[in-house]
Amino acid sequence: MTRRCSHCSHNGHNSRTCPNRGVKIFGVRLTDGSIRKSASMGNLSLLSSAAGSTSGGASPADGPDAAPTAADGYASDDFVQGSSSATRDRKKGVPWTEEEHRRFLLGLQKLGKGDWRGISRNFVVSRTPTQVASHAQKYFIRQSNMTRRKRRSSLFDMVPDESMDLPPLPGGQEPETQVLNQPALPPPREEEEVDSMESDTSAVAESSSASAIMPDNLQSTYPVIVPAYFSPFLQFSVPFWQNQKDEDGPVQETHEIVKPVPVHSKSPINVDELVGMSKLSIGESNQETVSTSLSLNLVGGQNRQSAFHANPPTRAQA
């Protein structure tokens with residue numbers, strides 16, 4: 001028993017494998033009329049026209065949904081009814097020319113990054129500040145990706161032309177004529193005339209000796225040019241300062257700092273006069289027997305004998 005499709009009533013397949021049912025994605029069945037033109041499906045108009053010619057008008061692409069499919073561009077461009085091709089050109093944008101990009105580079109070099117309004121007003125007059133900022137972003141991305149891989153030549157690969165800043169030289173004027181048009185140097189003063197004359201004579205003598213050594217053919221080809229003015233040589237003496245030492249003369253002595261010595265108005269007090277102690281001796285002579293005794297004589301003290309001192313020998317005991 002052959003299979004019979006419940007969708008198209010044809011034999012040989014079922015409803016799941018029927019080619020006329022379309023595509024089912026996430027439970028939603030899509031037909032050819034609901035598919036609009038996209039970037040990956042740019043040949044839908046050709047397919048619809050080919051299907052219409054083969055099927056004789058039986059294809060669903062010839063229905064009312066075929067009009068937006070056959071139109072050029074994206075379906076989102078025709079969202080507003082009655083839109084013209086001018087709006088599409090405005091959305092697409094006008095590409096930058098080389099002259100505009102050259103002016104943009106010059107403005108970027110002069111004003112720096114961020115001043116898109118100044119670049120738009122002074123350099124790229126035909127572009128708005130927003131367009132200048134967008135162009136700068138693309139330019140910087142291109143410059144950062146230059147070393148990654150080899151790319152096609154683009155407008156962003158242009159090098160800023162620095163010759164636009166420099167004003168052109170007037171025609172027929174050469175640098176040599178500019179040097180000749182410079183004002184002459186002021187004449188030397190009377191004080192310097194003698195030195196300058198001596199230097200001039202020495203220079204002329206050197207030039208004459210050089211011309212005598214050079215052959216005739218070189219003189220005609222390379223003439224000797226003598227400068228018209230020489231800077232004078234001034235002789236001046238170096239002043240001798242007084243604080244400098246003369247090698248031949250005597251060496252001067254430096255001043256010494258005199259420190260004051262304090263002078264006491266009163267004589268210093270002798271401690272031995274206030275408190276006197278006897279000297280200890282071991283009977284060196286008979287005359288010093290009296291002084292050998294230990295005694296402490298205080299100023300203004302009593303004359304009585306101390307208990308700690310021995311009695312001096314008397315004449316009777318002797």
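Glycine is treated like the rest: Cβ placed from N, Cα and C.
Look at Swiss-Prot and you will find 1-20 (among others) tagged as region 'Disordered'.
The DSSP breakdown of the zinc finger (3-20) into helical (H, G, I), extended (E, B) and coil residues amounts to 0 helix, 2 strand, 16 coil. What Swiss-Prot lists as zinc finger is 3-20, and the listing cites sequence analysis.
Residues annotated as compositional bias 'Polar residues' in Swiss-Prot: 8-18.
Among the features that Swiss-Prot reports, region 'Disordered' is placed at 50-98 (among others).
If you look up Swiss-Prot, you'll see 50-77 marked as compositional bias 'Low complexity'.
Per Swiss-Prot, domain 'HTH myb-type' is recorded for 88-144, and the stated evidence type is sequence analysis.
For 159-200 (among others), the entry in Swiss-Prot reads region 'Disordered'.
Under DSSP, the residues of the domain 'HTH myb-type' (88-144) split into helix, strand and coil as follows: 42 helix, 0 strand, 15 coil.
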